[in-house]
Structures are given as C-alpha cells and as structure tokens.
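Listed in TrEMBL:
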- 32-278: domain 'G-protein coupled receptors family 1 profile' (DOMAIN)
- 20-40: transmembrane segment (TRANSMEM)
- 52-75: transmembrane segment (TRANSMEM)
- 95-117: transmembrane segment (TRANSMEM)
- 129-152: transmembrane segment (TRANSMEM)
- 172-196: transmembrane segment (TRANSMEM)
- 217-242: transmembrane segment (TRANSMEM)
- 262-281: transmembrane segment (TRANSMEM)
Amino acid sequence: MLSPSTIDSINFLAKQINIYFGLFILILGIIGGLINIIIFTTLKTFRKTSCAFYLMMASIFNVGELISGAFTTILKIGFDIDPTELSYLCKIRMFLVQWFSLLSVTSMCLASIDQFLLVKYQYLTSLKLAISFITIACLIWSIHGIFFVLFWNSIDGVCSITNITFDMYITYFHFPILLGFLPLTIMILCSFPAFINARKLASRQINIIRLSCDRQLTAMTLSQIAFIVITTIPFITNYIFLLNMNSTDKESNARMYLVHTITTYVYYTTYTNSFYIYCFVSKRFRKQFIYVLINVHLQRYNQQRNRLNNNQVQPTKVGTSIEQIPKKNDDITLY
C-alpha cells in the first residue's frame, strides 16, 4: 500500500508530464506541421501528386488536433485553466477534437490506399479524386460532429456527455474502433502491398522525376504509418484496460492515471512527428526543405526588404520567383 505522499508524488509526476512533455510535443508538432504545409504547397512536384495532397491535409488536421486537443488538455491539467467550463466552449472543443482526429486518420488511410493503387490502378490516384475524397470526408465527419455538439455539455464546470447512449457509442466504438482498430487495419493491410509495389517502381518505364517522387512519397507514407501504429496501439490497449477496471483504491487509480497520461501523450506524438519522420527517411525531402527555406522564401524575404530599403523594385537574381529560379545539378529532379 502506497503512502499518501507517494500517491501525491505520482499525481505530481503525471502533472509535470502534462506540462513539459505536452508543451514539447505541442511546439514541435505545430512547427513541423506548418513546415510540411509550406513545403507541400510550394513545390510543384507535390502540388500535382495525390499522395502529397493527402499528407499535406494530414499535416493541417494534425496542427488543428494539437491546438484543439493537446493545448486545451495542457491548460486544464497542467495549469488548472479549463476553458471548457463554459458550455459553448465545451461543445466547440469536442466538435473540433473529433473532427481533426478523424480527418487526420482518414487522410493517412487514403494515403496508404493511394500507395496501394499506385502501380496497377494509377487512374484512381489522381489529384482531382483526392480533393473529392477529402471534401466528402470533411462533410461526413462534420455531420458526425453534430452529435458531439448536441450531447456534450458543461455540467457544474465539467465538460461531459449528457446522453447515456452516446456515452456508450464513444466508449465502445468511437475510441477503440473508429480511431483505433479500423484505421490501423486499413493502413496495415494497404502498407504491405504498397511496400511490394515500391520495389516494382524501379522497373517501370516512366519519367525519372515522377519515379523519384513516387518512391519518395511511398517511403514517407509507410514510415509515417508505421509510427502511427506504434504510438496508437499502447493508447488503445490502455483504454480497453481502463474500461474493464472499476477500482476505488487510490493507489491503483494513481498508477492508472500516470499510465494513461503517458500513453495519451505518446498517442499525441502521432500528430507531431510527420515532418521529422520525413526528414529522417528521405534525403530528398531534406534537400527540398532547405531549398524551400533558403532558395524560395528567404529570397522572397530579401526581395521585399530590398524593395522597402530602396523604395523601388531591384531587378536582381534575388527577386526571381520560384518558377524562374534556375535548377542546376539534381535540383531539376527535386522540384
């Protein structure tokens, strides 16, 4: 039996994890997500590719999930600031959290399916279809979110579910199935054939630039999916374990709360790591990141600064647009 001071220490440790580890992944996730968005929207190679579109949309939804989910959790548990004490903020938060999280896993499922179809059914991997699929997903999960607005409310300052049936849906389907086993199953089943397809890409008679882009996106997508599986399984496993626990023992509750805190923030790294994974697995992506940062946006910044300093447009090389920047050596295969 743990002493009260030990239990307080465990609860204190859980609170520190909420503050420091939570802020760490929040900051890294927002920075990495924004960089992803800039890279995917700047380079023409990515703007024309359906898989890159899915990864870009996943980055947008990940940033939204971190702000609406992780940030408000850090405020509530770490700093005792709970904006969801107000009923309308409770409803808005729960709508956004479910919307962003479901759209994020949907985007990654679509990216894995896209890679699965790449070799034999390439006509199903067009950018136009990708935009349509994401639009449909946004509409479906928006309708799904209406129930969160209806059945979540702030009661005595606590944001909670007010409908028993909806509570059972959240408990036994939304978390373990809709955010857990279903997307993981889709991503795993599509990843293995996609990995085999990636090995066949080298033998395809296609443009070398498109081949390099396809293989790069396959590596990025499969690596991201592998990390999602690794970080989601502990959260879902712990969640199912907690469903079957009904303990009133303070010692057990303190330990379970600590484990729940750790697995929750490990799960939140799902929304944090994409940029860093892409840089780790793809040398080409690292070069593209440097190119976008220095050759494109830094030059545009210098151009604007020169205009302000000289009060006139300077026809210098620094002022060239992304489409006019000369591409030498391997640049032509990168962008």
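Each Cβ is built from the backbone N, Cα and C atoms, and glycine gets one as well.
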Paired segments the transmembrane segment (172-196) and the transmembrane segment (262-281) in contact, 3+ CB pairs under 8 A: no
Residue numbers, six or more beyond the limits of the transmembrane segment (20-40), whose CB comes under 8 Å of its CB atoms: 46-47, 52-53, 55-56, 59-60, 62-63, 66-67, 70-71, 73-74, 78, 265, 268-269, 271-276, 278, 285, 288-289, 292, 297
Spatial neighbours of the transmembrane segment (262-281) far in sequence, C-beta under 8 Å, 6+ residues away: 17-18, 21-22, 25-26, 28-29, 31-33, 35-36, 55, 58-59, 62-63, 65-66, 69-70, 73, 104, 219-220, 223-224, 227-228, 231-232, 234-235, 237-238, 289
Local confidence of the prediction over the domain 'G-protein coupled receptors family 1 profile' (32-278), expressed as mean pLDDT: 90
